[in-house]
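To keep things clear, I will list the structure first and then write my remarks on it.
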Amino acid sequence: MSENKFLPICKDDMIERGWEQCDFVLVTADAYIDHHSFGTAIISRVLENAGYKVGIIAQPDWKSVDDFKKLGRPRLGFLVNGGNMDPMVNHYTVSKKLRKKDLYTPKGEMGKRPDRATIVYCNKIREAYKDVNIVIGGIEASLRRFAHYDYWDNKVRKSILVDSGADLLVYGMSEKQIVEVADFLNQGFDGKYIRHIPGTCYIADSLDEIYEEHIVLPSFKDVSSDKRTYAECFKIQYDEQDPVRGRTLVQEHNGKYVVINKPEMPLSREELDRVYALPYQKTYHPIYEKDGGIAAIEEVKFSLVSSRGCSGNCSFCAITFHQGRIVTSRSEDSIVEEAEEITKYDDFKGYIHDIGGPTANFRKPACKKQLTLGACKHKRCMSPGICKNMEVDHREYLHLLRRVRKLPGIKKVFIRSGLRYDYIMADKDDTFFKELVEHHVSGQLKVAPEHVSPNVLKYMGKPAGKTYDEFRRKFFKITERLGKKQFIIPYLMSSHPGCKLEDAIMLAEYLRDINYQPEQVQDFYPTPGTLSTTMFYTELDPLTMEEVYIPRSKEEKAMQRALLQFKNPKNYNIVYDALVKAGREDLIGNGPKCLIRDKNSFGKGNNHSNHKSGGRKSRNENSGRRESEDKKRSSHSKKQRGNKSRGFDQKSQRVSKGKKRR
């Protein structure tokens, strides 16, 4: 592929195309990857398809204005995003330590983007071109459009539209609204006065300027000074986050009014097909070849996006505030055509890594009502259980998988983007389940039960543990019948709001009973735009306004994390202290149900734990043996949990990186 098939990144590229000036210059905190898994690629190609000239400035040096001028002043304006991931999450771990690698940067090098990139870039653009139109979007802008709690500053920050000084904010996936914005700019409108488009935010000087039906939220001053008010404000945002029934929201910021128009409708199937058929080069720009490319492309190069939106609505997930709860999907033909294209890549080895989306086995709205009435205001589709009106049907997805796996040159089609096992179990037809196990598991199936404590699962918005048990038993039954050795990898989370030390110990006991120790544990990470983050900050559940326990101290968070890896000798002292603190000395000693040995009982060469660390035996034990292990519960655990089994029937020690939780 020749370099000039990418959009211009320098003046020479513009000259080669015969351009004197760009209509738009898109500034991004990621390296330039022209693949539809990256927002920069989609927005730039959608605008190109609408007839606009778009140039790209990727990862500019923000310490001067020079890089921001290298394509000249755009005719209509600058578009700015902070990359595919919020820059603060990209830079820092949950313990606020600097990460070692940036997968969206050449060589994985850190320091090529600033903290709060959207704000920094907008300031530099204003320095270079004072009165140019600036439109911000992407995940950073979308999830920070309201006044929001910021974990890294540990305070409530203003809307990013205020802090950045941009003229307009587009939120969500934004294909529809960005073209409409472009058309108005092209007609001569000032960006500040484009005010009626769904999925956009603007700043008004007074309430008299707002003509749409709207709700006035508590002001920035009010939510930043009172946590109960913050929680009440978030509840309104949460309820109105719907493109059908949602209303415009207004929030005062120091005498100005941030106006958040209702969300844009999700793209139809035909619209999605057109977006994904645009002439993406499906790789990084050739300028990165000398540095070995960009690692982020490896996760998506041989994967196919099937759908958008998620009906799961997990409390800790930001999908609700970005893509929304209404699921839409590409047509089978669109996906099959792209799969055929992938088979022609020189480095394709016959394996499609994924056909999915936020949740792989969602292909349509949860029920027929959603497209006309919107998602229910006071109910979740799948929590605490699956709604009776939810249409559970895997037939279309199954037919798609069959078509792709039959294509010449394709050896295997895997599913890696996450499956809702409760949705699978609710399907009365188990054909999909059988074919999933037979054809679409790469040795390990990743699912996200997250926890076992009923109390924690309630706050997470996750299904009851018994549903996972049923799924797990059926998975291993089918696996055994097929004569395969396949495992389940559970995503587990520590320190989620509502998780007390006894809840973490309950999870540790389950891990003990199945002889499984995760290599990695995810601490809850309070990121903007989620229900769980609001719980973390306010210590209230916004949906009920009841108090929520928050494991906030470093000591307790370390204890909860260590309990999930109690077999690790390095964690012995922390686990010991946690058990003593919780009054669970019954789990310290030499008994079969003890998590760790007593400090006085170590013999030469003995592990601090009473249990083997797993290893090959733990990975390869058959499911029948696992079933018997699940029945061996301590009397204390039974008393806590009642008769409901919420165990994890696991066979693998490895935990994969970088996948979204479902």
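Any Cβ shown, glycine's included, is placed from N, Cα and C.
The average pLDDT the prediction assigns to the domain 'Radical SAM core' (296-567) is 95. The domain 'Radical SAM core' annotation in Swiss-Prot covers 296-567.
Secondary structure from DSSP puts Cys310 ([4Fe-4S] cluster binding site) in coil. Within 10 Å of the Cβ of Cys310 ([4Fe-4S] cluster binding site) there are 27 other Cβ atoms, across all protein chains. Marked as [4Fe-4S] cluster binding site by Swiss-Prot on the basis of sequence analysis: Cys310, Cys314, Cys317.
Residues or ranges marked as region 'Disordered' in Swiss-Prot: 597-662.
Annotation comment: Swiss-Prot describes 618-632 as compositional bias 'Basic and acidic residues'.
For 633-644, the entry in Swiss-Prot reads compositional bias 'Basic residues'.
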### Message
On the three-state reduction of DSSP, what should I expect for Cys317 ([4Fe-4S] cluster binding site)?
### Response
coil
### Local Cβ density at Cys317 ([4Fe-4S] cluster binding site) - other Cβ atoms counted within 10 Å
23
#### Entry: Other C-beta atoms that fall within 10 angstroms of the C-beta of Cys314 ([4Fe-4S] cluster binding site)
25
